[in-house]
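According to TrEMBL:
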TRANSMEM  24-45  transmembrane segment
DOMAIN    39-285  domain 'G-protein coupled receptors family 1 profile'
TRANSMEM  57-76  transmembrane segment
TRANSMEM  96-118  transmembrane segment
TRANSMEM  138-160  transmembrane segment
TRANSMEM  201-223  transmembrane segment
TRANSMEM  235-256  transmembrane segment
TRANSMEM  268-287  transmembrane segment
């Protein structure tokens, strides 16, 4: 539903308009994006080829890396190319596609993080029933539900975006299309739309964050009953998850749970969850996880052996 829309394209101002700084942005974010692809695709390949990483935790980690790859790809490539352009425009249709894909994979990542917390809770608090509760079938169904929920969320975002009338200004002071900067361009009262935005994206971020932190408090509390070795291993895994949760949800809550006002720091803060989280997730999960590191070494060893045999 597109109403009274005289705008066919938007102008993205990006992170900066300074020509020198734009070149720096291009170089830095190209390196970051290549790091995101390398780290996440390496995890995906390792989990897919290693029999040792067949537990539900790595099943969810596979999808988290997949989400990070797609989530950053919905933003980074265009942002990098735009840094080389004098004037960067994005068509109305491309803008709506970016809103959909960005929110779809962002929401999917939130749901996957929740599933990873559930997995850790069952593994640590209900160890005797773990294989029954977190069976491959159950995990598959949970991920499928996460995809459906993400589709519903992103469809709602698109509906809100298409309901906004644009009849004049088309300059977006951001490096990607999102509802918050689009609200500033709408030539109508956006109070209700912003309320719906906060109740949708804001509520998902805040409620999910509270649920996740509460679940990890319960998990950490239950570790008192475990052996020293088991406690150390579980604590290492949980700390990794908590680091990822804080890094992702902190900026998201700041952006999506406030009234329709934009700050000069919004673009910088958005970098943390659009680029920072997908970049740091592979480092956090591999550097603190001996099983993943060992599986990566085995994968690399197999590649070297196969290359030598040619």
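Including glycine, each Cβ sits where the backbone N, Cα and C put it.
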Long-range neighbours of the transmembrane segment (138-160), counting only residues six or more past its ends (CB under 8 A): 1, 56, 59-60, 63, 96, 99-101, 103-105, 107-108, 111-112, 115, 118, 179, 193, 196-197, 200-201, 204
Same-chain residues at least 6 beyond the ends of the transmembrane segment (235-256) whose Cβ lies under 8 Å from its Cβ atoms: 57, 106, 109-110, 113, 116-117, 120, 180, 197-198, 201-202, 205-206, 208-209, 212-213, 216, 219-220, 223, 266, 269-270, 272-273, 276-277, 280-281, 284-285, 288-289
Closest-packing stretch to the transmembrane segment (24-45), where packing means Cβ pairs under 8 Å, from 96-118, 201-223, 268-287: 268-287
Maximum Cβ pairs under 8 Å to the transmembrane segment (201-223) - stretch from the list 57-76, 96-118, 268-287: 96-118
Stretch-averaged pLDDT - the domain 'G-protein coupled receptors family 1 profile' (39-285): 88
Residues of the parent chain within Cβ reach of the transmembrane segment (57-76), under 8 Å, 6 or more residues beyond its termini: 29, 32-33, 36-37, 39-41, 43-44, 47-48, 98, 101-102, 105-106, 108-109, 112-113, 115-116, 119-120, 123, 136, 139, 143, 146, 175-176, 237, 274-275, 277-279, 281-282, 285, 291-292
Intrachain residues whose Cβ lies under 8 Å of the transmembrane segment (268-287), provided they are six or more past its termini: 15, 29, 32-33, 35-36, 39-40, 42-43, 61, 64-65, 68-69, 71-72, 75-76, 102, 106, 109, 174-176, 178, 240, 243-244, 247-248, 250-252, 254-255, 293, 296
